[in-house]
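Undergrad: Residues annotated as pyridoxal 5'-phosphate binding site in Swiss-Prot, with similarity to another entry given as evidence: GLY111, PHE112, SER186, ASP211, ASP212, ALA213, HIS214, THR241, LEU242, SER243, LYS244. Annotation comment: Swiss-Prot describes HIS136, THR358 as substrate binding site. As annotated by Swiss-Prot, N6-(pyridoxal phosphate)lysine applies to LYS244, with the evidence given as a curator's inference.
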Amino acid sequence: MSSKTLAKFLEENLEDLKSKGLYNVIDPLESSNGPIITIGGKEYINLSSNNYLGLATDSRLQEAAIGAIHKYGVGAGAVRTINGTLDLHIKLEETIAKFKHTEAAIAYQSGFNCNMAAISAVMDKNDAILSDELNHASIIDGSRLSKAKIIVYKHSDMEDLRQKAIAAKESGLYNKLMVITDGVFSMDGDVAKLPEIVEIAEELDLMTYVDDAHGSGVLGKGAGTVKHFGLSDKVDFQIGTLSKAIGVIGGYVAGKQNLIDWLKVRSRPFLFSTAVTPADAAACMRSIEILMESTELHDRLWENGRYLKQGLKELGFNIGESETPITPCIIGDEVLTQEFSKRLNEEGVYAKSIVFPTVAKGTGRVRNMPTAAHTKEMLDEAIRKYEKVGKEMGII
C-alpha cells in the first residue's frame, strides 16, 4: 500500500503548479539537438539549446565515442578509486588542464556534481562563502551541503562584496573564506567582474571559485572567462561543464595539483559514483582538442550571436545587456512572456520562456541561444517570426 501522505502532497502541489502556469511540460525531441529539431513530427528552428558550438552532433566526436566503445565497452565498471579509472580518463583530465591553463584537473559525471563535490570537500561549518545572488542552483546546493555560512552579495556589486568580505574577515568567526561566482550568468548573458573579484580576494585572502559553465568554449578564444581576463594563475577553482559548448556530458574542476589531489580523496561524487563512460570521455577529449586546434566554431558562434542581437534590437525588442551570444528577449509580464513563447512555437521557432521564480518578477523573458551551427537563413527566418508575433501581440 502506497503512502496516503505522499499521494496527498503530490496531488495538491502538482495541481497548484498547474493552476499557476508553473508546471513545466517536457517536449521530447525526435531528432538530434541541432539548429533544427523535430518535436511531434514538426520541425522547429531551435533557439533553446546549450549546444553552443554544434559539437553535440559533430561526426568527429561520434567517431571518437564509437572507437572508445569498441576498445573499452560502454561503461567504466567501477568508481574511479577502485578500478574504474581508464587511461582515457587520465588523458581527458590532462587535456582539460591544458585547455584551462592549470596544473591539473579532475572529471566528474556532471557539472552539477562538480559544485556538490568541490565546495563541500574544502568548506565546512567553520567557514563562510560569499556568493553572487544570481549564482547557479548547483552552487547554492553545493554551498548548503558544505554547511558553511552563506553570505549572499548583490549581483556583480563589487562594493557590496568588498564590505561583506571585510565584515566576515574582521568578525573572526570563520577559518576560511571563499568567493564564488558564475563566469557567465546564464539568464542575462553578462560576465562576472573577475578582475575586481580577484583583487578583493587577494586583499582579504579569499579563495576564488569560478563556475564557467557558460563561458568555456565561448570566451577567452574558447578557454573560458578566466582565460579571457588573463587570470588563470589567480583563480583557485575553475569549474566547467562538458555538456554545453563541449557538447557531451560531465564536468570538471581545474586548478593546482594539490587541490586536485585533495578532491580525489575527499570529494564524495568522485569517491562514490561510477566513472564517466568511455564513449563520453573520448568524445569530450576530442571536442576539447578541436577547440584548441582552431577558433573557427568559436568565431562563428560570436558572429551568429551578434547577428541575432542586431536583428531583434532593430525590431525594437529589449535584449538587455548581454555580453555573450546568450540573447534574452525581455518581455516583462509572466503571462505575456509565456504566451509569446507559445506563439513563436506555433510559428516554428522553439524558444522557451523563463519566468519567476527562475528570474525576478516582472522580468520574464524568452532566452535565445544562437549556436555556431545556425545558418544566416535560419536566423533570418527566426527574426521574421519574432517580428510577426511581436507585432501581433503589441510587444513591438
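Keep in mind that glycine also has a Cβ here, set from the backbone N, Cα and C atoms.
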Undergrad: Would you mind checking how many other C-beta atoms are within 10 angstroms of the C-beta on HIS136 (substrate binding site)?
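TA: Around HIS136 (substrate binding site), other Cβ atoms within 10 Å: 22.
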Undergrad: Output the one of HIS214, LYS244 that, of all these binding-site residues, has the highest number of other Cβ atoms within 10 Å of its Cβ.
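TA: By the 10 Å Cβ neighbour count, HIS214 comes out on top.
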Undergrad: Please give the maximum pairwise Cα distance, in Å and rounded to a whole number, for the pyridoxal 5'-phosphate-binding set GLY111, PHE112, SER186, ASP211, ASP212, ALA213, HIS214, THR241, LEU242, SER243, LYS244.
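TA: Binding-site diameter by Cα atoms for pyridoxal 5'-phosphate: 16 Å.
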Undergrad: According to DSSP, folded down to helix, strand and coil, what is GLY111 (pyridoxal 5'-phosphate binding site)?
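TA: Note: GLY111 (pyridoxal 5'-phosphate binding site) is helical by DSSP.
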Undergrad: Indicate whether THR358 (substrate binding site) is helix, strand or coil by DSSP.
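TA: SS state of THR358 (substrate binding site) = coil.
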Undergrad: Near ASP212 (pyridoxal 5'-phosphate binding site), which residues of its own chain have a C-beta under 8 A away, given they sit six or more steps off in sequence?
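TA: When sequence neighbours closer than 6 are ignored, ASP212 (pyridoxal 5'-phosphate binding site) has ASP182, GLY183, VAL184, GLY224, THR225, VAL226, GLN238, ILE239, GLY240 within Cβ distance under 8 Å.
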Undergrad: Measuring Cα to Cα, how many Å separate LYS244 (pyridoxal 5'-phosphate binding site) from HIS136 (substrate binding site)?
TA: 15
Undergrad: Tell me the Cβ neighbour count for SER186 (pyridoxal 5'-phosphate binding site), meaning other Cβ atoms within 10 Å of its Cβ, over all protein chains shown.
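TA: Within a 10 Å radius of the Cβ of SER186 (pyridoxal 5'-phosphate binding site) lie 20 other Cβ atoms.
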Undergrad: Specify the count of other C-beta atoms within 10 Å of the C-beta of THR358 (substrate binding site).
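TA: Taking all protein chains shown, THR358 (substrate binding site) has 15 Cβ neighbours within 10 Å.
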Undergrad: So which binding-site residues out of GLY111, SER186, HIS214, LEU242 end up within 10 angstroms of HIS136 (substrate binding site), measuring C-alpha to C-alpha?
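TA: The binding-site residues passing the 10 Å Cα test are SER186.
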Undergrad: So for LEU242 (pyridoxal 5'-phosphate binding site), how many other CB atoms are inside 10 Å of its CB?
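TA: There are 31 of them.
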Undergrad: Whole-number answer please: how many Å between the C-alpha atoms of SER186 (pyridoxal 5'-phosphate binding site) and THR358 (substrate binding site)?
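TA: If we compare the Cα positions of SER186 (pyridoxal 5'-phosphate binding site) and THR358 (substrate binding site), the gap is 11 Å.
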Undergrad: Cα-Cα separation of LEU242 (pyridoxal 5'-phosphate binding site) and THR358 (substrate binding site), in Å?
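TA: Distance (Cα to Cα, whole Å): 23 Å.
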